[in-house]
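First comes the structure, then the notes that go with it.
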Amino acid sequence: MNYDHAFHAGNFADVLKHACLCLCLVHLAKKDKPFLVLDTHGGQGRFDLAGPQAQRTQEAAAGIGRLLAHPGPCPESLAPYLKAVRALGGTGTGLRAYPGSPLLARTLMRAQDRLVVAELHPVHARALAALLGRHPRTRIEPRDGYAVLKALLPPPERRGLVLIDPPFEQRDEFQAMARALKGALRRWASGTYLVWYPLKEEAAVAAFLADLAPTLPCPALVATLRVRPVTAGERLAGTGLMILNPPHGLATALPSLLPWLAETLGEGGAGSWSLESLAPAAAAPRGDAPA
Ligand SMILES: C[S@@+](CC[C@H](N)C(=O)[O-])C[C@H]1O[C@@H](n2cnc3c(N)ncnc32)[C@H](O)[C@@H]1O
């Protein structure tokens, strides 16, 4: 386990993932009823942008930094994300820290909502516990995120969101993620799921989507964002996000948010995006249903 998100915090992939996470949470918080957020791969929770990792890659500068420095207005759909980032990261002389998904989530959740965060790396799990462990209705699980997913669903709240954001250090991560997701959907088909993956090997992504799509019991969107053309084996050039049961606000925001992000974050005009809708398997065309 060598992955350290401190090298990548606030990059273009985080921008898309976290902006979508915030829109989902805004939607869930519209009703008084409590909800659960389960973050299966939580990371450290907060990242020092002056630290050696962030300074070495400058990925935050090319990601969230560009949004905050943008001269024109940003899309309205980015408002909850940008507001939380500014509040948590400080804006005086620029952003000093970048909030990870558990901190963003807890910030947009209410007192009645429950947050569970799994993080396998002991040092990262301790950082998370120090940051959020004392918060009521928040639990840090220092163990495998897929095991926590299996143990916790369906949640008693019957409302909520699962974020699956693994580091993709293992060659079989796509298969492990698909297995975990299929099991989770069998137990809880009505939750919102945000599933992150890198666009590095297009064939692996295509196999993952082809495996999952025919089994999906719910509507899904697949969004991609590339900041330059994807070349196998290179540093991350593109990101994918699968959203199961996307809330209305997110589904309506993405068609304008994605092109704006591609233009703003793309390198030398080379940004691109896509948005695909997957119909639930049960909604086969008329005539295909068994008699
Ligand atoms: C991409 S980072 C998470 C970033 C975080 N979700 C965010 O958006 O701020 C992936 C994290 O998963 C952790 N990890 C690796 N294997 C894991 C596992 N099997 N279960 C839970 N966490 C794991 C890594 O230590 C790393 O901190």
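Keep in mind that glycine also has a Cβ here, set from the backbone N, Cα and C atoms.
Here the structure is a predicted model, which means the values were calculated and not measured.
Record check: TrEMBL places H18, H41, S101, D144, G145, D165 at the S-adenosyl-L-methionine site, and the matching candidate among E59, E119, E173 is E119.
Highest local Cβ density among the binding-site residues H18, H41 belongs to H18, counted as other Cβ atoms within 10 Å over all protein chains shown. Sequence-distant neighbours of E119 (S-adenosyl-L-methionine binding site) (same chain, 6+ residues apart, CB-CB distance under 8 A): H41, G42, G43, A125, L128, I140, E141, P142, G145.
Binding-site extent for S-adenosyl-L-methionine: residues H18, H41, S101, E119, D144, G145, D165, maximum pairwise Cα distance 22 Å (rounded to the nearest whole number). Between the alpha carbons (Cα) of S101 (S-adenosyl-L-methionine binding site) and D165 (active site, proton acceptor) lies a span of roughly 9 Å.
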